[in-house]
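Encoded as C-alpha cells, the structure appears first; notes follow it.
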Amino acid sequence: AGAGATAIPSVILNTGHAMPVLGFGTGSPSKPADLANIIVHAVRLGYRHLDTASMYRTEPTVGAAVAESVRAGAVPSRTDLFVTSKLWISDARPGRVVPALRESLARLGLAYLDLFLVHWPVAATAGGLPVDKSTLVEFDMEGVWRGMEDCHRLGLARSVGVSNFSAAKMERLLALAAVPPAVNQVEMNVGWRQEKVREVCARHGVVVAAYSPLGAYGGFWGSDAVMESGVLHDVAAARGKTVAQNYLNF
C-alpha cells in the first residue's frame, strides 16, 4: 500500500489467488458523475478489490479508474488490483457466457478478470431492469457453469463463482462442477446471517462474500437493521468508531 493507505487483508481462494476481503462496490441506483475519481481515491486509501457488473453499467468507469490508478502511481500495476464483474441474466445461457465476458473485458479495457460471477441463478431473453417476468426462461445451471469453466480455462477469469445462490443451489452446483466455484457473493448482514449458505460453502471451501453488509442503507432494497441498530451504535461509541467501522471490523 502507498503512503497513507491502509493495508487490507486477503483471503486465499480455492484457485490459490488472494482476494482482498474489503471490496469497493459500484452497484448503485444512481451513478456519481465523478465515480472514476472516487475509485482512484479509494485505491489511494488502500482499496484493492473493485466490484462491478454488466448490469451496473459501471464497467467502463471502473476500467478507466484502474488505468488512472496505475498511471498516477496509486498502485504499481494492474496486477495489484483485484477486479470482479458479473454475468447478467440475459447472458446466462449456454454459448453466451464466454462472449459476455469478452464484452465485459472490452468495456473494462482489461485482459482478464480476477473474479467472474454468475450474477443470479436466473436466465432471461432480455436484460432490462426491472426484469420483465415474461422474458424469464429456464436457468440451465450446468450449461452456464460449463461456460464459466471455459472462461477460467481460457485465462479470461482467474477465478469463477456465483452470486445469490441458495444453499440448495450451491449443493447442486458443487455436485456437477469440474472447476468448483471460488466465491458465492450474497446479501449478508446482522439482519440476514445466511447460516445455511455459509455452512455449505465452508464445507466445500467456497468463500462467502457479503454485499450490502451495512444493510443497503438508503437503497430501495435496503433496511435500517444495521445503521440504526441501538446495540451497534452503543458498541461503536464505546470503541470510538462509527457503526460502519466497527461492524466491518476496521
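Glycine is no exception: its Cβ is also placed from the backbone N, Cα and C atoms.
Residues near TYR56 (active site, proton donor) in space but far in sequence (CB under 8 A, at least 6 apart, same chain), listed by position: THR26, GLY27, SER28. What TrEMBL records for TYR56 is active site, proton donor.
Counting only same-chain residues at least 6 apart in sequence, those with a Cβ under 8 Å from the Cβ of HIS119 (substrate binding site) are ALA53, SER54, MET55, LYS86, LEU87, TRP88, ILE89, ALA92, SER163, ASN164. Positions annotated as substrate binding site by TrEMBL: HIS119.
Residues or ranges marked as domain 'NADP-dependent oxidoreductase' by TrEMBL: 23-216.
Residues or ranges marked as site 'Lowers pKa of active site Tyr' by TrEMBL: LYS86. Neighbour count (other Cβ atoms within 10 Å of the Cβ, all protein chains): 28 for LYS86 (site 'Lowers pKa of active site Tyr').
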Kindly state the mean pLDDT of the domain 'NADP-dependent oxidoreductase' (23-216) in the predicted structure. 96
